[in-house]
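*Asks:* Okay, handing you the structure first.
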Amino acid sequence: MSIADLKSGQKATITDISSESIPLKLLEMGCLPGNAVEVIKIAKIKDPLYLNINDTFLAIRLETAKDILVKLIDQ
Amino acid sequence: MRQINVALVGNPNTGKTSVFNSLTGLNQKVGNYPGITVEKKEGVTKLSRVLKAHIIDLPGTYSLNASSLDENIVIELLLNKNDKDYPNVVVVVSDIENLKRNLLLFTQIKDLGLPTILAINMADRMDRKGISLDIPKLEEQLKTKIALISSRKNTGFDKLKNLIANYKQLSTEACCNASRVDPEYFGNLKKTFPDQNTYKLWLVITQDANFGNLDRNQIKSKTKSFEPKSQSELKRLQQKEIIARYTFINDTLKQTLTKDINAAKGLRASLDRLLMHRIWGYLIFAVILLLIFQVIYDWAAYPMDLIDESFASFSEWTKNTLPAGQFTNLIAEGIIPGIGGIVIFIPQIAFLFLFISILEESGYMSRVVFLTDKIMKKFGLSGKSIVPLVSGTACAIPAVMASRNIENWKERLITILVIPFTTCSARLPVYLIIIALVIPDKSFLGVFNYQGLVLLLLYFIGFGMAVFSAWLLHKVMKTSQKTYFVVEMPNYKVPLPKNVLITVVDKTKSFVFGAGKIILAISIILWVLASYGPNDKFKNAEDIVNTEVKTENLDLTQEELDTKISSYKLRHSYIGYMGKGIEPVVQPLGYDWKIGIAVISSFAAREVFVGTLATIYSVGSENEETIKKRMSKEVNPVFGGKLFNLASGISLLLFYAFAMQCMSTLAVVKRETNTWKWPIFQLVFMTGFAYIVSLIAYQLLK
Amino acid sequence: MSIQEILVWLTFIAAIGFLVKKFFFKKKTKKACGQDDCGC
């Protein structure tokens, strides 16, 4: 599954980044395999996605989110 | 006194500029880097009795892998030992909550072997955020010295200055060596260039620019001997480097930083819930915009009236006091009204920047980016286009440059192309004076002033046109590149009054001294062109008019006679002939030749319009009058009646709303797109469109 | 020509000179750009 499949409030761990052309900037902001990601629960806007990745709050578009694969953390 | 160079670097939104302001106070200047339009902020601070620090506030960057012109500046300075600003010591500024991310940049700079200090800002908030930090251990791991500072409470700066002064004692050893991602490759680099810093070589190889005396191709040709890397291999290595750095950083912070998660949330979550709400969020944004424009209109009116009247009486005083002659006339009728035409906009520009900088500083602008991305995407723009489009209401030039952080080239190009439609502050004076002349000063529902509403409407028209043409361009232009959008949501902050003040002063100053000089020069030229004529008709104006009056047996008062003479003179001056030449073109839009001249001179800069009319109308006028009064007295030469009526007024407003009339913007667009194709397209499309719309409006309303 | 007239023309020439310098003799721009296809 990818970040795009997460429901708001869910936490997951990034497992892989499937696209070669993902911008370096996203990696620099902490979007790396092994780091935690949470979809912030606010309003009902689904695109762009409001995320907390590795303690950085950022927003990315749904189409980019599809390229970032994750594994759900059991709660 | 000895002086050392200090470079401030850090992520965007980390309060780096606040730290810079605290260190230098008002002892700073803003310029440009040579040849490019990236803002360069530098200042001086005293470290001790014998030592001064020359501080450069470098553009915010997330890493040394440049993806924009602004970020290139950082790398260029840090790599080029021959640069006169090459730092003796680097201060990496981070705020306490984004420490992890800022450490990425920190470890990269450490790898360059530069003495580096870590300044952790907002240290006063650590308790409230439930964060505690083991400083000695962190210093040991990062091989550096740390200063805990707070630009809000103004604490910790003595320690920071002390560390800067003693920079020679700092370790220059790397704390997380990039070589570990590919020891063989980096080892070969070291062997080929034994006297160069390996990480520096690596940065030169992976970036697109050449830095100082290090030539990329030269390095490439030498590295071919051992193992050439393809573009995608290099990119993968860059990714590996980032992962390696983050692994080091996460390990380090695990040992030194503890965070009580429960204390951390709160304000951010509740404000986000409101400001990013799918209904309330948009409503609040609309209300904020409405308030800003009402305030600009209402508050700025008082100082503006005062300025207008003071300049009128100053001009009168000059004329009566200085010895009579042409140069005195130039001062009283050309230069003073010209300067008045600049000074009068200061209140509005200051107010506009006051609000824009508050929105940026508070962290609210990023929420607007978030809210608008989905809508903007449909028009081929990005949520990030909202920042250029909003700052375009100040001036298109910084706005075009602000589009640099849009990742996707097509979205960026469209943004650049449509920015000039947004209502920049140079249009404001034109709008204000015409609105004051043709729109009644009455209230609607007792609250909203009609004039204020028309002004707001003009802003919406400009914005709407920008979005509409973006959509057109989006449909026409094709691209295969995938679109990306990454935007950080910074924490909410109460803007620091000092930062806001400095921004307002900076921007106002750059208007007064940038555009101001052009306006003044044009005022002088226009005055001369209006005060001299090519033939005897101008020189003998008095005799000609007097004879005419006598032969036709007209019964005129002295005042009427004077007016007749001065308008005869004006018509036969250089500018009069030029104006007559273009009159056929502007007449269908409801303008006379004087407005025509003002419109033409507006192509140097729109705000010249009011100054031009002020100069043209005050030539030969004896009475002390404000520009507005003179304009409202003008009579249409063809149809009679007031020249500035609803039809011609609306036509002018629309022309200024749509026409591309700013040489400086064209120059910046050329620079940012690196071709004349796009600025010429803007000029032709926008001005042509403006002419047609104004023509229709005037013909319908007259 | 009176002193005043001379001053007028001097100011006029200075103004023209300033505008010509401003718009026609721009400093050369430097080419530097990011890694993306930004058209440069």
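Backbone N, Cα and C atoms are what each Cβ position is placed from, and that goes for glycine too.
What you see is a predicted model, and the numbers here were worked out from it, not measured in a lab.
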*Asks:* Out of B:103-125, B:379-401, B:586-608, let me know the one TrEMBL marks transmembrane segment.
*Replies:* B:379-401
*Asks:* Using a 10 Å cut-off on Cβ-Cβ distances across all protein chains shown, tell me which of the binding-site residues (B:GLU39, B:ASP57) has the largest neighbour count.
*Replies:* B:ASP57
*Asks:* Restricting to CB pairs under 8 Å, which listed stretch, B:335-359, B:379-401, B:452-473, B:511-530, B:679-701, is in contact most with the transmembrane segment (B:413-440)?
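*Replies:* Comparing B:335-359, B:379-401, B:452-473, B:511-530, B:679-701: B:379-401 has the most Cβ pairs near the transmembrane segment (B:413-440).
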*Asks:* Between B:335-359, B:452-473, B:679-701, who has the most Cβ pairs under 8 Å to the transmembrane segment (B:379-401)?
*Replies:* B:452-473
*Asks:* Can you list the residues of the same chain, besides B:ASN21, B:THR24, B:GLY25, whose Cβ falls within 8 Å of the Mg(2+) 2 site's Cβ centroid?
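*Replies:* After dropping the recorded site residues, what remains is B:PHE20, B:SER22, B:LEU23, B:LEU26, B:ASN27, B:GLN28, B:GLY43, B:THR45, B:LYS498, B:ILE502.
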*Asks:* Which one, B:452-473, B:511-530, B:638-659, B:679-701, has the most C-beta pairs under 8 Å toward the transmembrane segment (B:335-359)?
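*Replies:* Answer is B:511-530, with the largest number of Cβ pairs below 8 Å.
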*Asks:* Based on Cα coordinates, which of the following binding-site residues are within 10 Å of B:PRO59 (GTP 1 binding site): B:ASN21, B:SER22, B:THR24, B:GLY25, B:GLU39?
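*Replies:* Neighbours among binding-site residues, in sequence order: B:GLU39.
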*Asks:* Do you know offhand how many angstrom separate B:ASP57 (GTP 1 binding site) and B:ASN21 (Mg(2+) 2 binding site) by C-alpha?
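*Replies:* So the Cα of B:ASN21 (Mg(2+) 2 binding site) lies 9 Å away from that of B:ASP57 (GTP 1 binding site).
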*Asks:* For each of the binding-site residues (B:ASN21, B:ASN121), count the other CB atoms lying within 10 A of its CB, then report the residue with the highest count.
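*Replies:* Result for the most crowded candidate: B:ASN121.
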*Asks:* Output the one of B:GLY10, B:PRO12, B:GLY25, B:PRO59 that, of all these binding-site residues, has the highest number of other Cβ atoms within 10 Å of its Cβ.
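*Replies:* Output for this query is B:GLY10.
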